[in-house]
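**Student:** One structure is given below, represented as structure tokens, and several questions about it will come after.
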Amino acid sequence: MPELPEVETVCRTLNELIAGKEIDRVSVKLPRIIQRPADPDLFEVQLAGRTFRSVERRGKFLRLLLDGLVLVSHLRMEGRYGLYKQEEPLEPHTHVIFHFTDGTELRYKDVRQFGTMHLFRAGDELASAPLNKLGIEPLDEAFTLEAFKRALGKRSTKIKPLLLNQEVIVGLGNIYVDEALHEAGVHPETEANLLKPAELERLHAAIVRTLSAAVEAGGSSIKSYVNGQGEMGMFQHRLRAYGRTGEPCDQCGSLIEKSVVGGRGTHVCPTCQKLRGKSSTGNKSSDASGTNAVKRRLDGKTGKR
Ligand SMILES: [Zn+2]
């Protein structure tokens with residue numbers, strides 16, 4: 001499952017690939033991907049003749065802006081976009097194709113078929129599902145320490161599931177929550193309303209730093225991608241806690257432990273992240289991982305007509 005940094009990188013790459021391209025027609029091969037309008041034929045009709053202006057991100061959703069319309073796209077587990085020449089053979093699991101007037105095609109591939117697309121009149125998308133209930137953007141200037149505290153409220157929920165709740169803060173998934181909690185020295189099962197001011201401050205800073213660093217890493221991986229190295233997946237930058245079960249903590253040398261918190265595999269340093277007052281349990285569960293990518297297939301000859 002892509003998290004904010006991966007979606008941000010897909011967003012930037014996609015913007016580079018399709019901004020300015022005019023849609024000749026659209027082919028929907030798997031109607032269930034299209035959640036709105038209810039009739040996928042209408043989806044095809046409404047998009048014909050429109051031009052992609054830019055691609056933006058809201059939480060883990062892509063917002064593809066066209067003249068007068070906005071396409072809201074979520075990649076879920078394995079959705080990916082790629083730009084192809086129209087004569088290139090269609091790969092399996094290609095479900096939606098945007099045929100451009102310049103002879104290229106944006107193809108949406110999704111092996112698991114969990115991805116979604118919603119089409120709105122521009123401006124309507126923010127007041128309707130799926131974007132209307134999303135919480136604060138952690139990389140916006142508006143994400144101040146005060147805004148973070150307000151978003152958490154006085155809830156007695158454990159901090160990890162609260163940070164994963166997209167209605168509170170958007171974009172954080174299992175990997176970056178574990179990373180931020182480790183950096184802040186906060187145990188994932190700490191009740192949110194019991195966090196001390198210093199812990200809230202460290203956690204706020206850790207969320208911003210962790211996500212920013214990952215976006216940077218993604219930015220640098222775009223270059224190798226454009227050079228034809230193939231698909232990009234989750235970033236290979238160094239992780240502090242996530243996926244490092246049994247390895248020594250960088251800060252104290254204790255071995256990273258894995259448990260389950262709120263149904264999610266969770267990586268904790270038992271020394272740096274003490275749970276006050278309680279002892280935590282240690283269940284095993286499998287790692288989650290995801291590979292979602294924008295694929296560049298045109299060897300640099302993309303874009304401008
Ligand atoms: Zn440690």
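The backbone N, Cα and C atoms fix where each Cβ goes, glycine too.
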**Student:** Going by TrEMBL, ARG112, ARG155 bind DNA; tell me which of HIS93, HIS182, HIS187 is listed for that site too.
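**Tutor:** Looking through HIS93, HIS182, HIS187, the residue TrEMBL assigns to the DNA site is HIS93.
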**Student:** Using only the residues recorded as binding DNA (HIS93, ARG112, ARG155), report the maximum Cα-Cα distance in Å, whole number please.
**Tutor:** 42
**Student:** Please identify, from the recorded positions HIS93, ARG112, ARG155, ARG264, the residue with the sparsest Cβ neighbourhood, meaning fewest other Cβ atoms within 10 angstroms.
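**Tutor:** Taking HIS93, ARG112, ARG155, ARG264 as the recorded positions, the minimal 10 Å Cβ count falls on ARG112.
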**Student:** Which residue counts does DSSP yield for the domain 'Formamidopyrimidine-DNA glycosylase catalytic' (2-115) in the helix, strand and coil classes, in that order?
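**Tutor:** For that range the per-state counts are 26 helix, 49 strand, 39 coil.
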**Student:** Using Cα coordinates, what distance in whole Å links LYS60 (active site, proton donor) and GLU3 (active site, proton donor)?
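**Tutor:** The separation of the Cα atoms works out to 6 Å.
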**Student:** Roughly how many Å lie between the Cα atoms of ARG155 (DNA binding site) and PRO2 (active site, schiff-base intermediate with DNA), rounded to a whole value?
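**Tutor:** The Cα atom of ARG155 (DNA binding site) is 27 Å away from the Cα atom of PRO2 (active site, schiff-base intermediate with DNA).
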**Student:** Counting distance between Cα atoms, which of the recorded positions GLU3, HIS93, ARG112 is nearest ARG264 (active site, proton donor)?
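**Tutor:** If we rank GLU3, HIS93, ARG112 by Cα distance to ARG264 (active site, proton donor), first place goes to GLU3.
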**Student:** Given a separation of at least six residues and a C-beta threshold under 8 Å, show me what packs close to GLU3 (active site, proton donor) in the same chain.
**Tutor:** LYS60, GLY171, LEU172, GLY173, ASN174, ILE175, TYR176, ALA214
